[in-house]
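Novice: Just passing along the structure, written as structure tokens.
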Amino acid sequence: MSNLSKGTGSRKDTKMRIRAFPMTMDEKYVNSIWDLLKNAIQEIQRKNNSGLSFEELYRNAYTMVLHKHGEKLYTGLREVVTEHLINKVREDVLNSLNNNFLQTLNQAWNDHQTAMVMIRDILMYMDRVYVQQNNVENVYNLGLIIFRDQVVRYGCIRDHLRQTLLDMIARERKGEVVDRGAIRNACQMLMILGLEGRSVYEEDFEAPFLEMSAEFFQMESQKFLAENSASVYIKKVEARINEEIERVMHCLDKSTEEPIVKVVERELISKHMKTIVEMENSGLVHMLKNGKTEDLGCMYKLFSRVPNGLKTMCECMSSYLREQGKALVSEEGEGKNPVDYIQGLLDLKSRFDRFLLESFNNDRLFKQTIAGDFEYFLNLNSRSPEYLSLFIDDKLKKGVKGLTEQEVETILDKAMVLFRFMQEKDVFERYYKQHLARRLLTNKSVSDDSEKNMISKLKTECGCQFTSKLEGMFRDMSISNTTMDEFRQHLQATGVSLGGVDLTVRVLTTGYWPTQSATPKCNIPPAPRHAFEIFRRFYLAKHSGRQLTLQHHMGSADLNATFYGPVKKEDGSEVGVGGAQVTGSNTRKHILQVSTFQMTILMLFNNREKYTFEEIQQETDIPERELVRALQSLACGKPTQRVLTKEPKSKEIENGHIFTVNDQFTSKLHRVKIQTVAAKQGESDPERKETRQKVDDDRKHEIEAAIVRIMKSRKKMQHNVLVAEVTQQLKARFLPSPVVIKKRIEGLIEREYLARTPEDRKVYTYVA
């Protein structure tokens, strides 16, 4: 359609010549102007506008409005447009219902828009004056409303348009190629016909489109679930979401993206979350078992789109993780290696840290769930604190196979993660103190730096109160080294001899070290006892008022041992010879690294060939439990450790059993370390009960100290509030039970540190 011409040009056409108009207009003249304008509007609608003059038409419309005939012009315009749309346009569209419907409607819409732009330009003055004053729709919008009501929303056209669009989209979803441009034009038309709103587009297309889509996706989800594994299903859902977004971009209005994606998410994800997650041989557990980080990442990404999606995943993951963790901590049984036990937990943590980082976007919910699960199952086993300490002990001892200091550091950092999950940190501290003492006293620490690094980690985690005793142990070692240097200088200066004994004494501060107040008895052999007495006199001369108590259970010794192998008779048979009577090529010398108790037992055999269990007990005075353990190490261990033989050859040690030196003892090593039976497996049951008793005693004091601290500051408190406050203060070390706290409160009331108030027995006051 060509534009209106800007003037009459060289044409001799006088029909449209502008004449001067009178100041007042009679009806006849008004009608003639309207007829002229009406004819021009109809010509524009028929696309015959080439001979029309824009100026003349504008001036005529201006004249009508100026002389208060705007209403006639506005009403006339509405009637002309309505008539054209009903009689011509609607008929054309109705005739095309079964043939080229969308193309016909689109063409009619384009023609109508073009015509209305031209008509608006002619009637611009009416828009500015009459429309503004009377608060009616402007010319262009009036044209849109009439087109909407008389064409697009006309009964069967409206239904046919909706159905056509829905059918085309349904066909495209099945893989057919459709005219996307026609769909896009129709959707744009519906949006424009909403006049600044979405109502027409929403009611005539979007709502039924979303409804149809929901049904389609419902069917699709059933098909996908029946035919695919979880990972393939997830990929198909992702593809479906992307396809729907792409369709919106190219065919529909952008505002439809959010609602259609929500429909896909609801029908393909939300309604089937549990089914997808719990799919046998392909769901979340399968992915976790087989380390499928990529598939887990896809599931996380998809489930993060819907409400409770990640919660559903988390619950399933948590259930699997707890099952794995419980299996690890309950597999303990007899002979479970503490290092393997902790390594198993660390490996499990590493696996789930990898999932957290690579699959779950370091999500806070997953992070908290994993931490909560580890705390849950780690604390199911009361031996976890001891085993963690033994694990660290293993890493900080000399002779760790090929690990650099940096690798040890990394392992210790991982161990600290488990330590954070531990509720009984005070139990760990007690064991750590024992194991550190053993490392320091046997000179087995891999390095002072590594030890101090570990203490620094514990200090950062629990504060200096937790590590003050451990740091005190290091100070004692340093002071002991200085003391021993001074002692050796003293021996040189005085010429005093230790009788061939190379003595090293560590003076330990009671309270820092795991010393025993009731020290186990032990009759130390004369030579080492004499050497120690010389040291005692030297030390007490320097430090008057101090007392030295030997801690036999913490000592060690290197013994020079000579074994006389079997001697052959003339007939070729062999006879075992004990003692030091025979020398020859069969003599083998070793240095035996033993505990103080083992040294005391072995040195008896310098005096006699055989001893019964009762005789050894009588001679050494070692407590029965310690004696049995020492003899088992010497007579029942591996062949390369068996320096004594026992009759009968059983694992148990009882009265009447006879012990002799094993002269057939051989070892490839010159220096032989005699392992203490069960030391690597942690404490025996009686020892564990004893440790637990000590921990409980310590806890009583800690709970009472916390109660007094709180009451001193608050003066008056209700029972439940006090219990909560005490728990809060102590939870970094252990979780005291309310029953134990109540007992400690009662103990403090008896000792008159606290008192109950007369009016309420559940309220306590501090007694200064």
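Glycine is no exception: its Cβ is also placed from the backbone N, Cα and C atoms.
Grabbed the feature section from Swiss-Prot, which reads as follows:
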CROSSLNK  Lys712  NEDD8 cross-link
DOMAIN    698-760  domain 'Cullin neddylation'
MOD_RES   Ser2  N-acetylserine
MOD_RES   Ser585  phosphoserine
REGION    2-41  region 'Interaction with KLHL18'
REGION    677-698  region 'Disordered'
Novice: Determine how many residues of the domain 'Cullin neddylation' (698-760) DSSP places in helix, in strand and in coil.
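Specialist: Helix, strand, coil within the domain 'Cullin neddylation' (698-760): 42 helix, 6 strand, 15 coil.
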Novice: Using Cβ atoms only, which residues of the same chain lie under 8 Å from Lys712 (NEDD8 cross-link) while being at least 6 residues apart in sequence?
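Specialist: Result: Tyr766.
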Novice: To what whole number does the mean pLDDT across the domain 'Cullin neddylation' (698-760) round?
Specialist: 87
